[in-house]
Amino acid sequence: MDVKWEGFSGVEMEEVKRNVFLTTLEQLKGWARSSSLWPLTFGLACCAIEMMAVGGAHYDLDRFGSFFRASPRQADVMIVSGTVTKKMAPLLRRLYDQMPEPKWVIAMGSCATAGGPYVKSYSVVKGVDQIVPVDVYIPGCPPNPAALIYGIHKLKEKIRLEAKTGKKVL
């Protein structure tokens, strides 16, 4: 797409071409959404301690534009960390349903991902993906805070790619 500019010299026109970015509104919205994720914490076990460390001074999740929210109505990402029991499942689903669209879920740790060491217990859900759709899985028992930050960055990439292609990315 060539844009005709009146009154620019050749050097000035090259400068304009290097500094003007063209995008779609959907890509711009995807970039904005991925740059300001507001997670809702659903910490249930030892993984929650590692999740709390991400908000501390050493890792400082705020510098990436993510601010922990206490209300599901203000959040767009749910971080489930720890063992989810069958009695807790309806509450988890209710919180997910209260979040506004678009919304994403991160399963942090082996307990949230597949039941962890309690997988053979009658009361443990064998993965949070049986209750809510999960976008990013973070392995580990417990995963360190750097792994959670990496998972959040992977979610940001996924959001941008979905906005760019217009298709759901698995």
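Backbone N, Cα and C atoms are what each Cβ position is placed from, and that goes for glycine too.
Around the Cβ of CYS141 ([4Fe-4S] cluster binding site), a 10 Å sphere holds 13 further Cβ atoms from the protein chains shown. The [4Fe-4S] cluster binding site annotation in Swiss-Prot covers CYS46, CYS47, CYS111, CYS141 and is backed by sequence analysis.
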Nonlocal neighbours by CB distance (under 8 Å) for CYS47 ([4Fe-4S] cluster binding site), same chain, sequence gap 6 or more: SER81, GLY82, MET108, GLY109, CYS111, ALA112, PRO142, PRO143
For CYS46 ([4Fe-4S] cluster binding site), nearby residues of its own chain (Cβ under 8 Å, 6 or more apart in sequence): GLY82, GLY109, PRO142
Other same-chain residues whose Cβ falls within 8 Å of the Cβ centroid of CYS46, CYS47, CYS111, CYS141, the recorded [4Fe-4S] cluster site, in sequence order: ALA45, GLU50, SER81, GLY82, THR83, MET108, GLY109, SER110, ALA112, GLY116, GLY140, PRO142, PRO143
C-beta crowding around CYS111 ([4Fe-4S] cluster binding site), within 10 angstroms: 27
